[in-house]
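Annotated features in Swiss-Prot:
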- 169-180: compositional bias 'Acidic residues' (COMPBIAS)
- 185-206: compositional bias 'Low complexity' (COMPBIAS)
- Ala2: N-acetylalanine (MOD_RES)
- 2-75: region 'Interaction with CHMP5' (REGION)
- 2-186: region 'Interaction with IST1' (REGION)
- 160-233: region 'Disordered' (REGION)
- 198-307: region 'Interaction with VPS4B' (REGION)
Amino acid sequence: MAALAPLPPLPAQFKSIQHHLRTAQEHDKRDPVVAYYCRLYAMQTGMKIDSKTPECRKFLSKLMDQLEALKKQLGDNEAITQEIVGCAHLENYALKMFLYADNEDRAGRFHKNMIKSFYTASLLIDVITVFGELTDENVKHRKYARWKATYIHNCLKNGETPQAGPVGIEEDNDVEENEDAGAASLPTQPTQPSSSSTYDPSNMPSGNYTGIQIPPGAHAPANTPAEVPHSTGVASNTIQPTPQTIPAIDPALFNTISQGDIRLTPEDFARAQKYCKYAGSALQYEDVSTAVQNLQKALKLLTTGRE
C-alpha cells in the first residue's frame, strides 16, 4: 500500500484520539481495513470535539485526505463498500486480539505485547461505534480489556505478580471518564511504528470490574493479529498455539419446522445476513469457533423467528 501523506502535529484538543491514530498507523500494512476505520473514528470524533479552530481544521483536513487516499487504494473491498461487512471485520479482529490477550492472561504469561493487545482491543471496540451503538457484550469487553491492561502493567511496573484471569473487584466509574488514558506516551506527530512498538498506559485509571463474563481463554484462536511478544524480563513469553474449541451443534436446529407460521420481518433477515457476514469474516482468520457460533445464530433465527 502506498505511503500516506503525514499528518500535522496533533492539536491538544484531540488528545483522546491519538492512540486510535497510532493504532491506524500500526495497521496500515498489517490490515488496511482496520487502519481505515481507526482513522474514520478519529475523524468523526475530532469533528465533534473541535472543527472550528484553525489548527483543528487543518488537522482534520489532512486526516480527511488520508481517508480518501485509503478509500481509493482499497477500491472495491467489501469491508469498505458495505458497512455490515466492515463491522463484522472489525468486530472479529477486535475479538481475536482480546481472546489472544485473555488466553495469555489465563495462562499466566504476562508481557508487554499481551498488555498492548488488551489495550488495542479496547481501542478497536471504540472504533466499532462508527457503525452504531455497541452491544452490551462489546461494552463489557472494552471495560475489562482496558482495566486488565492497567492492572497488569502496574503489577509488572511494581515488581508484583498479577493474578491470572478475571478477578473479583469493585466497579470504578473513573474508567468511563478517562478512556483517553495513557495518551501522553503517544507523540503529537506519530512516527512510523517499529515491530517492537509498545505503549505506556502509566496514566491509565485503576479500576476493578465484576460481573463481566469473559470467554474462556482456551477459545483463543491459534493465529492472532497480535505481534510476537518481545523480551520483557518476564519469564515464559513463548506463545503456544491453542487448539480451537468448536461449539456443539444444537440438534433442535435441524428439526423441520412443520407449522409453516414462522413470519420473518425485514429486521430478522437483516440480522441473519449480519450473522452470516460475521461468520465469513471469522473464516478469513481461520476462526472456526466464531464462524460456527454465528452460523448457528443465523440458522436459529431463520427457523424459529427468535434469537
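All positions are counted from 1 along the displayed chain.
Even glycines carry a Cβ here, placed using N, Cα and C.
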For a quick check of packing: other C-beta atoms within 10 Å of the C-beta of Ala2 (N-acetylalanine), how many? 8
Residues of the region 'Interaction with CHMP5' (2-75) by DSSP state, where helix covers H, G and I: 54 helix, 0 strand, 20 coil
Mean of the pLDDT scores, which run from 0 to 100, over the region 'Interaction with VPS4B' (198-307): 58
